[in-house]
Amino acid sequence: MQSKKPFYRILYVQVLIAIAIGILLGHFRPTLAVEMKPLGDGFIKLIKMVIGPIIFCTVVAGIAGMQDMKKVGRVGAKALLYFEIVSTVALVIGLVAAHLFQPGAGFNVDISTLDAKAIAQYAEKAAHGDSMVTFLLNLIPNTFADAFVKGDILQILILALLCGFALAMVGERGKPVLDLIDRIATVIFQVVHIITKVAPLGAFGAMAFTIGKYGIGSLLPLLKLMGTFYFTAALFVLVVLGGIARMAGFSITRFIAYIKEELLIVLGTSSSEAALPHLMEKLERIGCSKSVVGLVVPTGYSFNLDGTNIYMTMAVVFIAQATNTDLTLTQQLTLLAVAMLTSKGASGVTGAGFITLAATLAVVPTIPVAGMVLILGIDRFMSECRALTNFIGNGVASVVVSAWEKELDRKKLASLVGTRASRTDAALAKETA
């Protein structure tokens, strides 16, 4: 019988301890803590190094193994439909919560006193945002290797789709190539396991830097906004995603417990990309189709960012409230329509949500873009919640689309993350068998 692993050797315990030490160092020795930033940056770079090859190998193997090529288009269409519906719900919830809790009421900020220079870099990036035509053209890499060099997930996904289709079309002649890709994927996932061992160092460095640079004291004036955002995001996960999960036959709380190690890595690094390879692996382990996971998860990192959506509408209304800017119903509907488009430009990288917010404000001229200065100091602390919500949302999406495609192993799902009813049904089925 295998001996139980000591608690201090469990990854999520190590990450939790590392985050706690990072917070303490950042609070008591901020100068030293800021110097820990390379640890967090280094870990994220290590993960990004393997994300491209993992997505490529997973998608190619999944598509090449499909008998029906129409299925790829069907899965993609279902995923995009799911993303659009859930993302819109997240935007509406953020808007409603901001009006309900009024986090910006009482600030009475004079717009003329705001220093717009502090957010100039974000506004400039947003102003130079791509048009739809440019966005579509940018999906095509300059060369095959260019997509991997830049680490552009959508470009890698396009290449993987093309290669997967090509391998499926050549049939048996492509089998040696497919076998090679499968073997490469096995090696890369092993590399991920090695990299994950230094996750506590990465989480420590990122958290120490955040607290050391911005300080816990910077949170105090805007605690109501932070509290409202964290509460709304938690409500969205438990009620909206929880309801979707229940309909798909699994428990959202058990699912969160199942991916707790990955969530702590995301919490420590503020980047949902940091745990992407492990999420894909764990989704397959609970019974999701490999091909569905390979398509849904990478696409979700641009089109299914629920946490970012909640943050955007809430932050816009907060700025309007703080600067005493009245918003008509028409302007709020315009805000929702604009946010539905600009949110698709966000990614799983730290700080992308703030640039997306600048792009949204630029299109709604009633609200001063300079008002972003009010939340600049706490944006880094809200980034963790955005990343966690995005991460959970993409995991749920993969299970749901697998269920829609009838490519979900219900027994595995029930045993690992199932609801009480689904576990009972699985047990009865096992006894009958």
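Cβ from N, Cα, C; glycine included.
Record features, source TrEMBL:
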TRANSMEM  7-26  transmembrane segment
TRANSMEM  46-67  transmembrane segment
TRANSMEM  79-101  transmembrane segment
TRANSMEM  153-172  transmembrane segment
TRANSMEM  184-209  transmembrane segment
TRANSMEM  229-248  transmembrane segment
TRANSMEM  349-375  transmembrane segment
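Within the same chain, the transmembrane segment (79-101) stays apart from the transmembrane segment (7-26): fewer than three Cβ pairs sit under 8 Å, each pair at least 6 residues apart. Counting Cβ pairs closer than 8 Å to the transmembrane segment (184-209), the top stretch among 7-26, 46-67, 153-172, 229-248 is 7-26. If you look at the transmembrane segment (7-26), the same-chain residues 6 or more away from its ends with a CB under 8 A from one of its CBs are 32-33, 36, 196-197, 199-201, 203-213, 215, 260-261, 264-265, 267-268.
For the transmembrane segment (153-172), the residues of the chain that approach it from at least six positions outside its boundaries are 51-52, 55-56, 58-64, 66, 69, 72, 138-141, 144, 146-147, 178, 294-295, 298-299, 301-302, 347, judged by C-beta separation under 8 angstroms.
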